[in-house]
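> Before I ask anything, here is the structure I am working with.
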Amino acid sequence: MGSLHVLWLQSGGCGGCSMSLLNADTPDWAATLRTSGIEWLWHPSLSLASGEAVLQMLEDCLSGAQPLDVLCIEGALLRGPQGSGRFHLLAGTGVPMISWVRRLAGVARYVVAVGSCAAWGGVSGARNHATEACGLQFEDDQPGGLLGAAFRSGAGLPVINVAGCPTHPGWVIDSLMALADGSLSADDLDSLQRPRFYADQLVHHGCTRNEFYEFKASAEQPSDLGCMMEHMGCKGTQAHADCNTRLWNGEGSCTRGGYACISCTEPGFQDPGHAFDATPKVAGIPIGLPTDMPKAWFVALASLSKSATPRRVKTNATADHIVVPPVARKTRLK
Amino acid sequence: MSNTPTGRLLVGPFNRVEGDLEVQLQVADGRVASAQVNATMYRGFEQLLPGRAVRDALVVVPRICGICSVSQSVAAARALADAAGVTPPPNGQHALNLMQACENLADHLSHFYLFFAPDFTRPIYADRPWWPEAVRRWAALGAGVTQGEHARQALAARQRWFTLMGTLGGKWPHTQSVQPGGSSRAIDAAERLRLMSKLREMRAFLESTLFAAPLEDIAALRDAAALARWHAADPLRGDLRFFLTVADDLALAQLGAGPGRTLSWGAYPQPDAGLALAAGVCEHPSASPLTRQAPDVRLVTEDATHAWLADSGGPRHPAQGVTLPDVDKPAAYSWNKAPRLDGRVVETGAIARQLADGQPLITDVVQCHGSQVVSRVLARLIELARVLPMMERWLGAIVPREPFYTPDSLPDEGEGMGLTEAARGALGHWVRWRNGRLLHYQIVAPTSWNFSPRDAQGQPGALEAALVGAPVYPGERTPVAVQHIVRSFDPCMVCTVH
Ligand code: SF4
Ligand code: SF4
């Protein structure tokens with residue numbers, strides 16, 4: 001198999017997915033991609049070519065003179081004002097980026113939405129946004145977006161949504177590597193077209209606060225060690241991502257950083273309908289319970305586990321460091 | 001073909017900068033006669049923040065920018081802290097400074113190795129004696145090209161460096177551990193030691209590859225003459241000296257003169273209330289001594305005359321500012337407003353911080369040669385050498401088990417301002433809220449200062465003026481001198497168009 005030619009363009013986003021990508025866990029970033037058969041046609045942060053040379057390359061992709069295997073789009077597609085696309089003209093062309101993206105998507109073997117902006121609209125598509133932002137094939141959770149629900153790329157796949165805000169570098173690298181070796185098929189995408197290798201996990205898996213969760217020993221303010229589901233807005237039990245098993249920046253994750261998972265891989269995360277750092281409740285019960293748990297069971301288990309919470313867990317939950325350590329037994333473990 | 005290019009040039013897409021940039025040049029007799037700088041995208045954060053719960057700002061504003069997200073968070077947290085009257089405890093202040101310094105230094109590193117230096121590998125320089133070495137060290141990533149060896153090493157060092165953020169802030173970009181009352185992530189005793197070893201790893205990279213000298217030796221270079229002696233002693237050793245070699249050959253110190261006036265809001269507040277890098281406005285007109293004074297934030301205005309943004313009522317202070325699209329406005333050519341200080345153009349960035357802080361080498365270099373391509377890059381590298389040892393001290397001052405966070409109680413109504421320094425310079429957020437909901441949010445980003453369009457008086461922005469006089473060689477459509485100048489400012493257009 002030849003190289004996988006990747007073209008990366010940015011529109012209405014913050015550039016954070018590119019910056020995140022550079023943090024991929026490798027001592028030689030360029031070699032990781034090259035030895036996987038991935039060849040950059042152009043990346044706005046990394047390539048030498050500027051100006052007219054880039055525009056020529058885009059034309060060559062459109063004419064077929066240059067094979068375009070993967071079109072990666074980072075950032076939301078800005079359709080405004082009034083559908084004109086003038087909120088983002090591709091520099092040097094006077095032509096709306098949405099037109100470039102529509103045309104290039106038409107010749108690409110695969111189209112990849114990098115990050116939640118390109119997948120769903122993301123923060124750029126927040127409730128009171130003015131830019132008419134949308135994702136490539138979704139607008140929040142509604143299929144459609146810029147390219148339309150029926151869109152299929154040259155290889156017959158819908159847009160691959162490597163969602164996240166930003167997206168984890170590992171999710172992007174794995175996706176590109178799977179495309180390069182031909183091992184990513186439609187079955188490997190979930191119902192929102194996200195690669196299942198990360199989207200079949202929950203953020204809750206591997207969270208260091210799991211013991212606090214078990215006992216509903218809860219954090220009450222930032223920097224507390226307890227579970228953040230009950231009071232601090234954590235959506236880790238519902239958010240599809242492997243953030244606590246495939247860590248960020250070596251050893252981090254949102255919950256390890258002391259703040260709630262805001263489910264940034266899900267459509268509409270930017271407008272949760274409540275303050276990000278607070279858990280909405282009805283009659284004292286959080287409304288956003290784990291999706292696969294009946295509410296009555298949750299309530300019963302929570303009240304039982306709260307009554308059984310060890311002092312250690314209860315005390316540490318509202319402290320910023322371990323105040324009560326686990327008891328060291330004098331005898332051997334049995 | 002004429003040997004003296006003349007006419008209009010539209011340069012874009014302009015890459016290896018953050019975001020979307022287009023530059024329009026009028027060229028006469030082989031030189032840029034005038035330039036217009038266009039930010040080609042509108043994002044509208046100032047429209048989507050009002051109406052939200054106040055603390056939501058801490059989630060939304062880092063997403064203004066994926067390259068200075070911590071600085072955006074710090075500006076927002078400080079604006080909220082300002083209104084709530086809360087101060088982080090010493091540990092919390094150190095943790096915030098460590099995160100912000102981590103991001104700022106990473107930015108300097110990426111700028112030098114990934115954004116700026118690759119221009120020296122362009123074929124137009126293939127006849128220069130240093131060219132093969134520049135390609136070996138600094139080649140950009142590209143089809144058929146193996147990325148330069150030092151660029152690869154810098155990228156690896158950067159990746160390791162950002163593991164600091166994994167511990168301190170959970171993830172980068174877009175941590176939410178930056179809070180008005182400090183950090184939501186307390187550091188324990190063993191973590192403090194592991195972080196220290198990561199600071200030492202970066203020190204090792206800088207001292208072997210970038211400087212080929214101890215950081216303290218670099219920070220101790222007192223004036224332009226000392227720098228020249230140090231350079232001449234071994235002109236290829238380390239990337240700073242090699243850069244100076246290239247810069248001398250290309251006379252880069254003649255390129256891209258700034259407005260002679262710089263602004264820094266000051267950086268890294270200390271628990272004793274001082275700033276590790278002082279705030280200041282410096283004036284350095286050629287041939288007269290440099291002057292410093294404290295910046296007066298009341299004198300900031302944003303002028304939207306040439307932006308596709310509403311401008312009724314003329315230039316406004318950001319506390320009263322409005323940012324609403326007006327796409328059919330005649331004479332507009334950018335989504336960037338024109339921030340001015342007392343009606344005047346200023347330059348911001350590492351050079352402004354080092355001048356405000358009285359750093360002797362940068363002060364002397366700017367006195368002798370002005371603010372231009374070389375002094376701008378030098379200021380960033382000096383900042384790397386100066387701030388890393390500060391980080392070692394801040395981390396050393398952290399006391400495990402003491403608090404990192406002071407609870408805040410945001411009032412129902414509030415008004416605040418958060419000023420800080422992103423890698424690229426002065427950043428300010430102005431916020432107002434009522435009944436727990438944001439009413440007003442305005443952001444003035446570093447690149448808004450540097451890359452501003454003309455104002456109502458017709459004054460060009462800092463870059464627009466710096467481009468005038470840049471050479472355009474026969475056949476060039478994307479002039480290399482223009483690229484050096486633009487990238488010496490390291491623009492971040494996504495911040496600009498927030
Ligand atoms: S903090 Fe969130 S992810 Fe962690 S245990 Fe609690 S609910 Fe699960
Ligand atoms: S923990 Fe949640 S909010 Fe944080 S990166 Fe993962 S999915 Fe996104």
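From the backbone N, Cα and C atoms, a Cβ is placed for every residue, glycine too.
Relevant sequence annotations retrieved from TrEMBL are reproduced here:
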| type | residues | note |
| --- | --- | --- |
| BINDING | B:GLU46, B:ILE443, B:HIS498 | Mg(2+) binding site |
| BINDING | B:CYS65, B:CYS68, B:CYS492 | Ni(2+) binding site |
| BINDING | B:CYS68, B:CYS495 | Fe cation binding site |
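Set these features in their place in the structure for me.
B:HIS498 (Mg(2+) binding site) falls within neither a helix nor a strand when secondary structure is assigned with DSSP, and so counts as coil.
Counting Cβ atoms from all protein chains shown, B:CYS68 (Ni(2+) binding site) has 34 others lying within 10 Å of its own Cβ.
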> Given the binding-site residues B:GLU46, B:ILE443, B:CYS495, state which is nearest to B:CYS68 (Ni(2+) binding site) when distance is taken between Cα atoms.
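Result for B:CYS68 (Ni(2+) binding site): the nearest of the binding-site residues is B:CYS495.
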> Which of these binding-site residues, B:GLU46, B:CYS65, B:CYS68, B:ILE443, B:HIS498, are close to chain A by Cβ (under 8 Å)?
B:CYS65
> Other than B:GLU46, B:ILE443, B:HIS498, which residues of the same chain sit close to Mg(2+)? List them in sequence order, counting a residue when its Cβ is within 8 Å of the Cβ centroid of the site.
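For the Mg(2+) site, the extra neighbours are B:ARG43, B:PHE45, B:LEU49, B:ILE64, B:THR323, B:TYR441, B:GLN442, B:ALA445.
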> Only counting partners 6 or more residues apart, tell me which same-chain residues put their Cβ under 8 Å from the Cβ of B:GLU46 (Mg(2+) binding site).
B:GLY321, B:THR323, B:TYR441, B:GLN442, B:ILE443, B:HIS498
> Just going by other Cβ atoms within 10 Å, which of the binding-site residues B:CYS65, B:ILE443, B:CYS492, B:CYS495 has the emptiest spot?
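Ranked by other Cβ atoms within 10 Å, the binding-site residues B:CYS65, B:ILE443, B:CYS492, B:CYS495 bottom out at B:ILE443.
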